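Asks: Pasting a structure here, questions to come.
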Amino acid sequence: MAEEAAQEHPGPSAPRPVRCIVKLGGAAITNKGELESINEESLRSACAQLRQAMSESEGDGAPEKVLGMDWSKRHGDPADPAVDAEWIAGMAGLGLDTNFIVVHGAGSFGHFQASRSGVHKGGLHSTLVKAGFVATRISVTSLNQEIVRALAREGIPSVGMSPFTCGWSTSQRKIASANASQIIQSLHAGFVPVLHGDAVLDELLDCTILSGDVIIRHLAQLLSPKYVVFLTDVHGVYDRPPTDPNAVLLKEIEVDDKGSWSIVKPALLQGNNKGVEISVAAHDTTGGMETKILEAAVIARLGIDVYITKAGTEHSLRALKGDVSSDSEDWLGTVIRSSK
Ligand SMILES: Nc1ncnc2c1ncn2[C@@H]1O[C@H](COP(=O)(O)OP(=O)(O)OP(=O)(O)O)[C@@H](O)[C@H]1O
Ligand SMILES: C=C(C)CCOP(=O)(O)O
C-alpha cells in the first residue's frame, strides 16, 4: 500500500485536536555511547517538564502532590510500592491536559543491535538479520517500558504502544500501513500513548528500522497537532556539527509550499544555500539529525510549528508548553515553520 493510501484511514475521529506530539530523543534520554544505559536525570526531568506542560492548575508555588502510577516493584527495591489509595479515592481528577503523544528514539538501545545485524537493510532469510530483529525489539521495548514507568511516576497516565505490534509496516522504508485507531482511542480515553522507533516488516526488504522521527511526521499528518517538539542532546540545528567550536545555531528555518527550506535567523546566515553540514554516528541506523530536519520540514509545510531543543532546559519546558513566539529572542532552539 502506498504511504498516501495508508494516511486515508486514520480510524475513529479524534475528539479534539492533539495539543503536542513530542519526541524524547535517544541522544537525550540515554547515554548514546554506552550500551543500554538510560540517562536517568535527563529522563526524569523530561517527564517532570511534560507533567508541568500538561498541568491545568496555574500553580500557587506549593508543590503539587503527584499521583504516582507505577505500582510495580522496582528492581532492587526491598519494599512493595506505596499506593496512597485513600488519597486517590478523594481525588476529583488528574488536573492534567493529557492530549499529548510521546514518541521516543532508541539511543543506546536498539541501534546497536540493528546496525550489527543489518536489520535496517532487510533480508529476513538471513539468520543474523532475524536474530537482530528480535534483539532490536527486546532492547527498544525494554526502553519503552522504562519510559512509560518514568512518566507514570510523574502521574502521567501513559501506555506503551509498539508500531510493530500495532501492525505498522513499510515498503522500501516508507510507511505503508499505519493504523492509528488504537492511538486515537487511547487519547480519547485520557491516556498518553508512548510509541517508539521500532523494527518493522517491509513489503520489499522483508524488514527495516522505522525511526521515531518518521513516526512523528506520519502522526502529525494524520492528527494535525498544534505543535511538535523534538527534544535532543543539543540546542537545535547548527550550520555544522555542534562539536565544531565555530558551529552557529540556526534559530529559525522557513519551509515554502514546495518543501524547500531557508534560514531566517540568524540574519548572518540568511540566503546561505550551502546547506547544513551533519555528522551521523556509525551505529545510527536511521540517519540522525538529517532525518529529523527532513521530517520536521514536512511537518512545518503543513502549517504546524516544530521546535527542536535541548532536553532538561528552560527552553524545553517552554517548547513543551508551546510558549515560543517568533520574536522570542531569549529562547534557545530551532523553530521550523511554514513561510505562509
Ligand atoms: N548540524 C548539526 N546540528 C545539530 N546536531 C547535529 C548536527 N550534526 C550532527 N549533529 C548531532 O546530531 C545529534 C542529535 O541527533 P540524533 O538523531 O542522535 O538525536 P535523537 O533524536 O535525540 O536520538 P535518536 O535518533 O537516538 O532518538 C546530536 O548529538 C549532534 O551532535
Ligand atoms: C529500533 C531502533 C533502532 C529505532 C530507531 O528510532 P530512532 O532512534 O527514533 O531513529
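Just so it is clear, glycine is given a Cβ too, placed from its N, Cα and C backbone atoms.
In TrEMBL, annotation is done automatically, which means it is predicted and not curated.
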Asks: According to TrEMBL, ALA106, HIS111 bind substrate; which one of GLY212, GLY236, GLY259 is annotated to that same site?
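Replies: TrEMBL names GLY212 for this substrate site.
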Asks: Which candidate from GLY95, GLY107, GLY110 does TrEMBL annotate alongside ASP233, GLY288, LYS292 at the ATP binding site?
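Replies: Site partner of ASP233, GLY288, LYS292 for ATP, according to TrEMBL: GLY107.
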Asks: Specify the nearest of the binding-site residues ALA106, HIS111, GLY212 to ASP233 (ATP binding site), where nearness means the distance between Cα atoms.
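Replies: Closest recorded candidate to ASP233 (ATP binding site) by Cα: ALA106.
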Asks: What binding-site residues in ASP233, GLY288, LYS292 place CB under 6 Å from ligand 2?
Replies: none
Asks: Compute the centroid of the Cβ atoms of GLY107, ASP233, GLY288, LYS292, then list the same-chain residues not in that set whose Cβ lies within 8 Å of it, in sequence order, for the ATP site.
Replies: GLY25, GLY26, ALA27, ALA28, LYS32, GLY105, THR232, ASP284, MET289
Asks: What are the sequence-distant neighbours of HIS111 (substrate binding site), meaning same chain, six or more residues apart, C-beta distance under 8 angstroms?
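Replies: Set apart from HIS111 (substrate binding site) by at least 6 residues yet with Cβ under 8 Å, we have GLY26, HIS283, ASP284, THR285, THR286.
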Asks: Look up GLY107 (ATP binding site) in the DSSP assignment and report helix, strand or coil.
Replies: coil
Asks: For the substrate site given as ALA106, HIS111, GLY212, which other residues of the same chain have their Cβ within 8 Å of the site's Cβ centre?
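Replies: Going along the sequence, the neighbours come out as GLY26, HIS104, GLY105, GLY107, PHE109, GLY110, VAL140, HIS196, GLY197, ILE209, SER211, THR285, THR286.
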Asks: Three-state secondary structure of GLY212 (substrate binding site) from DSSP?
Replies: helix
